[in-house]
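The structure under discussion appears below in the form of structure tokens.
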Amino acid sequence: MAKYVAAVDQGTTSTRCMIFDHAGRVVAVDQKEHTQIYPQPGWVEHDPLEIWTRTQEVIDGALRKSGVERSEIAAVGVTNQRETTVVWEKATGKPVYNAIVWQDTRTDQICNQLAQDGGQDRFRPKVGLPLATYFSGPKITWILDNVPGVREKAEQGEVLFGNIDTWLIWNMTGGVNGGVHITDVSNASRTMLMNLETLDWDDDILDVMRVPRAMLPKIMPSAAVYGAAVGALEGIPVAGDLGDQQAALFGQTCFSVGEAKNTYGTGCFMLLNTGLKPVPSQNGLLTTVGYKIGDQPTVYCLEGSIAITGALVQWLRDNLRFFDFSSHIEEYANAVEDSGGIYIVPAFSGLFAPYWKSNARGAIVGLTRYITKNHICRAALEATAYQTREVLDAMNKDSGVDLTALKVDGGMVFNNTLMQFQADILGVPVIRPTVSETTALGAAYAAGLAVGFWKEVEDLRANWGKDHEWSPQMDSATRERLYSGWKKAVTRTFDWVD
């Protein structure tokens, strides 16, 4: 009798496998980091083969730690860093180039050329997204144009494209020996190639971006049985696939219209459930697919994507050597009462929502001799909260409904200083659930629903519990004064790259 569901959570900096029981509790977790490759300023790559190796290692590790027998696992789900682009040879399984990561800005010129006819919102009515370096379509075009011989192979059906979900599921189900080449609607909605109404690849956009349809995966529901695993999970159904932010929405049980969550990881991503129709944004948000369970109707979302939040803490740790462990930032930040009047705008990959300015670059403004490392650490945490406020304001305008509380998850939600400042600068309560790693949980839920381990989404609501709630403690005058300073600081980053 199957008692558990497994999930592979492949993120920007690490891969983990988590095993959950029927109540959504974590039974075991194993996690490993992978190499970040920076060939040029603005370029970010990963080695797809390293990611596949790490995936196999963490599956083995989680099984070993849990003591769970393979026969006790009902299904395995996959969730992934979205938009990151892999192209590989069908016959050998060998990538033709490193994975181009979502943060990578090398496709700036491709996006600018595409925008010359119709502007940045040229494809938005069909795909819900602005032309930006963030999304997969231009990354595929770059690989086809810049890696010798690949375009010819693509046109002959000899190479395959996938985001990380597709790459992992293809390998997990056999790879060159019959691996399944699929993606789900949530990941496909981030390529800039899928029509939100038809839930199919859009031939007009494929023609404009010069992407052969033959290399694209089949688009499937987020909860469905795609194939059977090989290796450590031999014979287990691979049955759930969600982009990481949609998985977090699902794991937070935001199944009703108007429910929202914010995930704090490498970047920050706020998603609002808008129901069964795509809602166009007038305020710099993305219209995207939330999830699709089997043959049930598709659920759509508005999303505010912030490129750099946790990655700013990593930068202070790795590049400036401010501390040895990311968790230490809270201690330094708490050594001062405020940021000393400075703001850090971490536009390392340009600015995402609500600005969509790929030519912005990072800045620290307001520096004086008074400023110490502690002030910089505090300003780094505050930058995450300010960016979230900008997205929440946009979401309130688009939806016409003011959010009354924010569910949060991800690694940074254990930083109490950040969470309190977040509640202060939003003016609404911030709520952390008992299982904060909701991304993996969402993928597990999707896989479990596909095989009947859970019967329906309402069964999952009972698993959600509140761990902690932060209430606003800042007066409104201070809140607006600080936020006004942030808005001024952001303008200093615009148009930095010619």
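Each residue, glycine too, has its Cβ placed from N, Cα and C.
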Annotated companion of THR12, ARG16, THR266, GLY411, ASN415 at the ADP site, Swiss-Prot, chosen from GLY61, GLY227, GLY304, GLY310: GLY310
Glycerol binding, same site as ARG82, GLU83, ASP244, GLN245 - Swiss-Prot member from TYR4, TYR134, TYR300, TYR332: TYR134
Rounded Cα separation (Å) that holds between ARG16 (ADP binding site) and ASP244 (sn-glycerol 3-phosphate binding site): 13
Where SER14 (ATP binding site) sits in the secondary structure, as DSSP reduces it to three classes: strand
Nearest-integer angstrom distance between the alpha carbons (Cα) of GLN245 (glycerol binding site) and ASN415 (ADP binding site): 20
Residue pair SER14 (ATP binding site), GLU83 (sn-glycerol 3-phosphate binding site) - Cα distance, angstrom, rounded: 16
Pairwise CA distance, ARG82 (sn-glycerol 3-phosphate binding site) versus THR13 (ATP binding site), rounded so that it is a whole Å: 13
Site extent for ATP, whole Å (max Cα pair distance, THR12, THR13, SER14, THR266, GLY310, GLN314, GLY411): 13
Of THR13, GLU83, TYR134, ASP244, GLN314, i.e. the binding-site residues, those within 10 Å of THR266 (ADP binding site) when Cα atoms are compared: THR13, GLN314
